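Dropping a structure here in structure tokens format, bear with me for questions.
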Number of protein chains: 4
Amino acid sequence: MTTTSPDDGFTVGGETFGSRLILGTGGAANLHVLEQAVRASGTGLVTLALRRVDTAPGTSGGLLDLLDRCGVRLLPNTAGCYTAAEAVKVAHLARDAFDTDWVKLEVIGDERTLLPDGVELLRAAEELVADGFTVLPYTSDDPVLARRLADVGCAAVMPAGAPIGSGLGVGNPHHIRLIRQSVEVPVILDAGIGTASDAALAMELGCDAVLLASAVTRAVDPVAMATAMRYAVEAGRLAYGAGRIARRFHALASTPDEGRPDL
Amino acid sequence: MTTTSPDDGFTVGGETFGSRLILGTGGAANLHVLEQAVRASGTGLVTLALRRVDTAPGTSGGLLDLLDRCGVRLLPNTAGCYTAAEAVKVAHLARDAFDTDWVKLEVIGDERTLLPDGVELLRAAEELVADGFTVLPYTSDDPVLARRLADVGCAAVMPAGAPIGSGLGVGNPHHIRLIRQSVEVPVILDAGIGTASDAALAMELGCDAVLLASAVTRAVDPVAMATAMRYAVEAGRLAYGAGRIARRFHALASTPDEGRPDL
Amino acid sequence: MTTTSPDDGFTVGGETFGSRLILGTGGAANLHVLEQAVRASGTGLVTLALRRVDTAPGTSGGLLDLLDRCGVRLLPNTAGCYTAAEAVKVAHLARDAFDTDWVKLEVIGDERTLLPDGVELLRAAEELVADGFTVLPYTSDDPVLARRLADVGCAAVMPAGAPIGSGLGVGNPHHIRLIRQSVEVPVILDAGIGTASDAALAMELGCDAVLLASAVTRAVDPVAMATAMRYAVEAGRLAYGAGRIARRFHALASTPDEGRPDL
Amino acid sequence: MTTTSPDDGFTVGGETFGSRLILGTGGAANLHVLEQAVRASGTGLVTLALRRVDTAPGTSGGLLDLLDRCGVRLLPNTAGCYTAAEAVKVAHLARDAFDTDWVKLEVIGDERTLLPDGVELLRAAEELVADGFTVLPYTSDDPVLARRLADVGCAAVMPAGAPIGSGLGVGNPHHIRLIRQSVEVPVILDAGIGTASDAALAMELGCDAVLLASAVTRAVDPVAMATAMRYAVEAGRLAYGAGRIARRFHALASTPDEGRPDL
């Protein structure tokens with residue numbers, strides 16, 4: 001009972017990562033701060049958009065060099081795509097540019113909320129899986145859609161806690177639990193995280209990892225927040241495994257009455 | 001902006017502690033597990049009830065030896081007292097027994113909820129402060145009562161998040177924020193914590209420390225949960241200082257639209 | 001400002017209803033109680049499943065007679081269908097049986113949660129709209145899916161607050177608000193309601209109506225709960241239109257200080 | 001099971017009221033709107049501050065005339081008092097001015113939150129009860145304090161949901177439930193209500209009545225909101241008595257599978 005096995009890490013797409021925190025690169029004030037935040041977060045997997053990097057050889061000091069220095073794996077995304085066709089095309093470009101068949105698949109359905117379009121997403125996922133990609137789809141927190149994405153061969157499902165950059169946290173914890181029950185692949189909470197307790201909660205709900213960008217990159221102190229997120233994800237994972245106490249309406253004395261001194 | 005000063009610890013009653021987690025000892029299955037949990041938690045301050053220890057010289061293997069080995073400071077409590085007079089008497093006995101003038105002051109008002117009786121608590125606090133005690137009162141989350149306790153010279157205020165052992169978390173975050181605004185002394189969230197995200201949230205609300213017992217001692221794996229709480233408190237504190245992003249109704253793209261490849 | 005125009009009712013599919021409460025018939029202990037509940041609720045629109053009624057002429061005392069006596073409009077549903085094809089077939093059978101082209105379209109995606117399958121739902125909706133049905137789809141609370149259902153010509157969208165019969169209320173108020181913003185057709189909160197305040201909240205979020213069954217039919221006292229829901233829906237609608245006060249962190253005295261008597 | 005006895009009203013201090021809504025008069029734009037709101041709310045009990053009225057004989061058109069026309073009982077309050085002595089003095093002045101020994105006892109402890117000071121409140125309550133007053137104390141939501149107020153003979157306890165005028169609703173539903181369990185006298189939710197669902201929730205938690213002012217008087221349309229509150233309180237009370245369905249993690253089909261047509 002009390003011999004705690006340390007967290008042996010998180011496996012997705014056949015790769016094992018020591019950290020359960022995945023970091024997005026958007027929103028950082030500059031590369032120097034971003035590098036410090038990446039290092040402070042302890043992450044081993046970082047997302048980036050094709051259009052945000054200059055991939056030409058010889059370009060120095062850029063995002064790719066930074067991520068290479070940090071020793072993290074790249075996870076290109078298809079941010080800004082509104083149809084399956086567009087997302088598939090960007091995924092292929094990214095595969096060539098970054099020499100990886102991993103893709104964070106985004107097919108946006110609404111420009112104000114940036115929430116995904118499930119129908120287009122499922123279509124793109126099927127096609128990319130068939131093309132040999134390791135597909136990690138950014139999806140809504142709809143449990144049935146999540147299961148269908150897993151069914152077509154996605155390597156994980158990545159439900160939104162809340163809209164990208166909103167900082168609203170996990171809008172519907174019940175849905176995250178339902179998703180955790182309905183798929184075998186890893187569940188990665190993606191989008192909406194605002195602060196450390198949100199990340200801890202996501203892990204306590206059974207998520208295998210948390211992906212966030214703005215919560216760190218747009219914080220007043222991104223490096224401190226990256227450290228906070230690192231600890232929060234670890235805390236939430238440990239708590240999930242540690243078997244929390246049940247909720248009780250009334251109290252349960254931690255100090256029993258026996259043995260009180262006579263007064 | 002990005003030069004994060006490390007947490008320089010938490011000062012209460014003139015003492016500085018490296019950890020912002022305070023552990024209660026009640027509810028532990030046995031001393032062996034408790035010792036592992038105390039060490040895993042990183043705490044420097046541990047509460048205990050007078051009646052739970054044999055303080056006679058020569059008693060070996062007991063709770064006091066354990067805490068001595070762990071190098072933590074003792075914080076005797078007055079658990080089980082229902083009147084100011086009783087609590088004052090127990091505080092004096094504890095001062096003699098443990099050779100410390102620190103006391104976690106509990107005056108219980110209801111045996112089902114174990115919530116404090118504010119009127120008796122304030123009376124006991126005044127008397128003990130006058131007697132030279134360093135008084136840390138376990139109080140309700142009533143903001144006015146908290147301020148009055150600070151006004152009579154308590155070294156900290158320790159509002160309940162929820163009933164002892166209930167695991168319900170922070171029942172009223174708004175009250176904790178109001179308390180944080182209304183007193184100068186440290187605010188320590190005491191009671192109600194169930195899991196790691198609760199502890200992180202308490203810190204994000206501005207608490208200076210968190211006190212918990214059952215959440216660790218009665219977890220299925222107390223040592224894993226103690227570790228989780230250690231990280232959660234650290235995460236919450238860092239996040240509190242890092243300046244979290246604002247909450248937004250709609251999304252804010254982390255990846256701007258500029259520079260997208262033409263498709 | 002103070003001339004309150006009375007609620008002029010709720011229009012969907014070209015029909016106007018005096019009540020914004022839609023009642024499901026499943027779960028009722030017997031027809032006698034159901035009739036009392038229908039009458040107490042004040043509803044003008046009641047859902048029923050094809051298989052729950054004997055539609056043969058001359059059958060007396062049945063559900064159809066009851067609803068006819070109550071003077072409510074029928075809204076057949078496609079409960080129990082797991083594919084678009086199945087749902088379309090049941091919709092056609094129901095049109096013939098009940099002589100109405102209105103259909104509450106359900107395409108279930110998961111038997112434990114009974115949450116809808118968005119992809120199949122959208123397919124069925126398109127087909128039924130093309131066939132001249134007035135389609136009211138039971139959907140998840142995914143804002144993008146809701147907008148797509150509206151785009152293909154559904155007469156309303158009916159997002160789940162929580163799983164059918166769960167009594168969990170509105171799981172994600174933010175999503176309901178987003179849906180309200182993203183479509184022009186009526187938004188009807190369907191499924192998950194447990195008690196009166198859930199229904200009031202749904203209306204305050206901007207829903208045009210609430211559909212519920214178990215909350216009434218399985219309550220200990222269905223008729224009292226039907227009455228409660230009638231008032232709750234009305235209360236929530238009025239409050240939505242009345243312009244509630246803003247939320248404030250601190251207090252705002254209702255009684256100003258001026259004019260206090262000298263003491 | 002299905003024979004619903006109509007709500008037989010709410011008894012406090014030996015008086016029975018048909019409505020469970022108590023209205024405060026502060027914050028109204030003018031007397032005309034206030035009168036409409038009082039009538040729309042259906043209330044039979046209205047609070048007012050001594051200093052807000054001119055009680056000299058012959059004064060016409062004032063608040064007292066209005067309330068007299070509406071046929072409601074007066075409940076003078078001690079708004080603005082910060083000590084027991086002050087509150088007791090104002091209560092006596094109000095008894096003389098309004099010819100009633102009923103008093104809504106307020107002893108404010110903090111000018112930003114206007115939350116009550118429990119110690120002073122209890123002292124004032126004891127004194128006024130001894131003086132023959134019917135005391136309805138505005139208290140915090142501290143369950144032990146509420147019980148002590150009942151123990152000294154208060155006719156009801158009136159816990160704050162949230163600070164006066166804040167519109168934050170019921171900040172700690174658990175505390176309201178605990179209070180409901182711990183006293184025999186009526187529990188009246190007083191302060192913090194923002195909108196209709198807040199009032200319904202308060203009643204579902206077991207409150208006997210709801211007292212509010214700003215939520216109505218400062219709404220954009222006070223008369224519509226007064227009507228909403230009337231319905232919400234009635235809805236919540238009925239739902240409380242109707243025996244709501246249990247919360248379930250998964251779904252419970254309202255339509256059973258038996259009898260589906262073969263397709």
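Here the Cβ of each residue, glycine as well, is placed from N, Cα and C on the backbone.
Automated prediction, rather than curation, is the source of TrEMBL annotations.
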Quick check on the annotation: TrEMBL has D:A191, D:G192, D:A213, D:S214 binding 1-deoxy-D-xylulose 5-phosphate, so which of D:G165, D:G236, D:G241 does it put in that site too?
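1-deoxy-D-xylulose 5-phosphate site check in TrEMBL: besides D:A191, D:G192, D:A213, D:S214, the record includes D:G165 out of D:G165, D:G236, D:G241.
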Restricting to the same chain and to sequence separations of six or more, state which residues have a Cβ under 8 Å from that of D:K104 (active site, schiff-base intermediate with DXP).
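The list for D:K104 (active site, schiff-base intermediate with DXP) reads D:T47, D:L75, D:P76, D:N77, D:T78, D:L136, D:P137, D:Y138, D:M158, D:L211, given in order along the sequence.
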In three-state terms from DSSP, label D:A213 (1-deoxy-D-xylulose 5-phosphate binding site) for me.
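For D:A213 (1-deoxy-D-xylulose 5-phosphate binding site) - judged by DSSP and reduced to three states - the answer is coil.
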Take the domain 'Thiazole synthase ThiG' (D:12-256) and average the pLDDT across it for me.
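Computed over the domain 'Thiazole synthase ThiG' (D:12-256), the mean pLDDT is 93 on the 0 to 100 scale.
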Taking 10 A as the limit, how many CB atoms besides its own sit near the CB of D:G192 (1-deoxy-D-xylulose 5-phosphate binding site)?
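Around D:G192 (1-deoxy-D-xylulose 5-phosphate binding site), other Cβ atoms within 10 Å: 26.
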Restricting to the record's 1-deoxy-D-xylulose 5-phosphate-binding residues (D:G165, D:A191, D:G192, D:A213, D:S214), give me the longest CA-CA distance in Å as a whole number.
9
Can you tell me the three-state DSSP label for D:G192 (1-deoxy-D-xylulose 5-phosphate binding site)?
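Note: D:G192 (1-deoxy-D-xylulose 5-phosphate binding site) is coil by DSSP, not helix or strand.
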Hey, which of our recorded positions D:K104, D:G165, D:G192, D:A213, D:S214 end up with a Cβ under 8 Å from chain C?
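Correct list, in sequence order: D:G165, D:A213, D:S214.
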